[in-house]
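As written in TrEMBL, here are the features:
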ACT_SITE  A:Glu54  active site, proton donor
BINDING   A:His52, A:Cys82, A:Cys85  Zn(2+) binding site
DOMAIN    A:1-111  domain 'CMP/dCMP-type deaminase'
Protein chains: 2
Amino acid sequence: MTDEHFMQQALGEARKALDKGEVPIGAVVVQNGLIIGRGHNQVEMLTDCTAHAEMIALTAAFNYMGAKYLPDATLYVTLEPCVMCAGALYWSKIGRIVYAAADEKNGYRRVTGDKTPFHPKTKVESGIRGEESLQLVKAFFAARRK
Amino acid sequence: MTDEHFMQQALGEARKALDKGEVPIGAVVVQNGLIIGRGHNQVEMLTDCTAHAEMIALTAAFNYMGAKYLPDATLYVTLEPCVMCAGALYWSKIGRIVYAAADEKNGYRRVTGDKTPFHPKTKVESGIRGEESLQLVKAFFAARRK
């Protein structure tokens, strides 16, 4: 299974959010080729601004594994994590983070700058299917402005 | 009701965590003199490293208020919030944050430095019952080393 495949799965989660009127962001957590957690943004449905795709996918993965650290897992998410989600990923000691598109407004780098907020062993990559992710977000906000 | 009173309530939450073998950190969210959310660290019980006192107290407050922002509320927490909790507090647009003791190791300032991670309107104070909070944390780690 490739990064492309799992990012498609994360984009599928983002589309579920879009269908429910939520900002379309999705995430999956993968270990040994298996999806061990999924999540999409549920801020509106839960009336809880902490219900981000990454938080939900991480909690699902902790539950599935019965573990509170995920050093051998990869998180795929359609948009650069915010500061909160970056902090959660730090605690998780996750092995790898792959995000599709940068988020200039709310991405963690806006606050943390050159300092990585993640565990020293966590690898970070970006750019896979970034355009597709941004199109979803743009479609959402264009529809809201109508 | 004073800040002292509500920090005592947060310390009471921290003691609940201690009794359960969790790192003793507690939080309450207050609006108009009423506690609208409570939480204590449940990382071990839930096997979820995102189950911090502040996250649980915030989600409880969102549920109680049926609102996803808390501009008129104050969060009292016994230790300086970590990056994750600081990010959650940013999203909540909470009016005021009061923490008892600084956390040199995992507090948000370690990563954010001089940049505030909070909403521009959020006020931050610290130092109320800080010594009491640190004593709880020290007692926990001393017991673990035995």
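From the backbone N, Cα and C atoms, a Cβ is placed for every residue, glycine too.
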Short-range recorded positions relative to chain B, from A:Glu54, A:Cys82, A:Cys85, with Cβ separation under 8 Å: A:Cys82, A:Cys85
Sparsest-packed of the listed binding-site residues (A:Cys82, A:Cys85) - C-beta count within 10 angstroms: A:Cys82
